[in-house]
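Visitor: Encoded as structure tokens, here's the structure I'll be asking about.
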Amino acid sequence: MEMLQGLLLLLLLSMGGAWASREPLRPWCHPINAILAVEKEGCPVCITVNTTICAGYCPTMMRVLQAVLPPLPQVVCTYRDVRFESIRLPGCPRGVDPVVSFPVALSCRCGPCRRSTSDCGGPKDHPLTCDHPQLSGLLFL
């Protein structure tokens, strides 16, 4: 009987590994398509561009005794490989550089947020809002 219970336990544990290795219920950190609003101080227009950004879930941990121990560093979904593309904003006055660059995520990873290259804040209320009138279409360089 003990042998049968041991085999059953082994079978259940091996199947659990197969279940855990399948696609997660929530998408892990990966590049996704997104629309960004692009504008520049001194130029009277705003343009929306299609790009890829990093989004998804990263494993995090929290201490049970938060008051006693320091917090654990948390990771975020951030760029691994990125390239920058540029567009030219129309209607910029003389003396204002009309070229604006934006990131295109090539690959992503879970890691610490680098404030030097990323916005580490939470979700924005209105990510596509512009201070200037919005134009459709792109003027890539």
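Backbone N, Cα and C atoms are what each Cβ position is placed from, and that goes for glycine too.
According to Swiss-Prot:
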- 1-20: signal peptide (SIGNAL)
- Cys29-Cys77: disulfide bond (DISULFID)
- Cys43-Cys92: disulfide bond (DISULFID)
- Cys46-Cys130: disulfide bond (DISULFID)
- Asn50: N-linked glycosylation site (CARBOHYD)
- Cys54-Cys108: disulfide bond (DISULFID)
- Cys58-Cys110: disulfide bond (DISULFID)
- Cys113-Cys120: disulfide bond (DISULFID)
Visitor: So which recorded positions are near Cys58 (disulfide bond), with CA atoms within 10 Å, out of Cys43, Cys46, Asn50, Cys92, Cys113, Cys130?
Guide: none
Visitor: Could you tell me the C-alpha distance between Cys130 (disulfide bond) and the residue listed as 'N-linked glycosylation site' in angstrom, no decimals?
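Guide: Cys130 (disulfide bond) and the residue listed as 'N-linked glycosylation site' have their Cα atoms 16 Å apart.
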Visitor: Are there recorded positions among Asn50, Cys54, Cys77, Cys92 that sit within 10 Å of Cys113 (disulfide bond), Cα to Cα? If so, list them; otherwise say none.
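Guide: So the list reads Cys77.
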Visitor: Restricting to the chain of Cys110 (disulfide bond) and a gap of 6 or more, list residues whose Cβ falls under 8 Å of its Cβ, or answer none.
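Guide: Residues satisfying the criterion: Trp28, Cys29, Cys58, Pro59, Val75, Val76, Cys77, Thr78.
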Visitor: Sorry to bug you, but what's the C-alpha spacing from Cys92 (disulfide bond) to Cys54 (disulfide bond), rounded to the closest Å?
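Guide: Spelling it out, the Cα of Cys54 (disulfide bond) and the Cα of Cys92 (disulfide bond) are 30 Å apart.
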Visitor: Select the closest residue to Asn50 (N-linked glycosylation site) from the following disulfide-bonded residues, measuring between CA atoms: Cys43, Cys92, Cys108.
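Guide: Looking at Cα distances from Asn50 (N-linked glycosylation site), the smallest one goes to Cys108.
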Visitor: Between Cys46, Cys108, Cys130, which of the disulfide-bonded residues has its C-beta surrounded by the fewest other C-beta atoms within 10 Å?
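Guide: It is Cys130 that, of the disulfide-bonded residues Cys46, Cys108, Cys130, has the fewest other Cβ atoms within 10 Å.
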Visitor: For Cys108 (disulfide bond), which of the disulfide-bonded residues Cys43, Cys46, Cys92 has the nearest Cα in space?
Guide: Cys46
Visitor: Tell me the Cβ neighbour count for Cys92 (disulfide bond), meaning other Cβ atoms within 10 Å of its Cβ, over all protein chains shown.
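Guide: Its Cβ shell of radius 10 Å holds 17 other Cβ atoms.
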Visitor: Quick one: pull the CA-CA distance for Cys92 (disulfide bond) versus Cys46 (disulfide bond), whole Å only.
Guide: 11
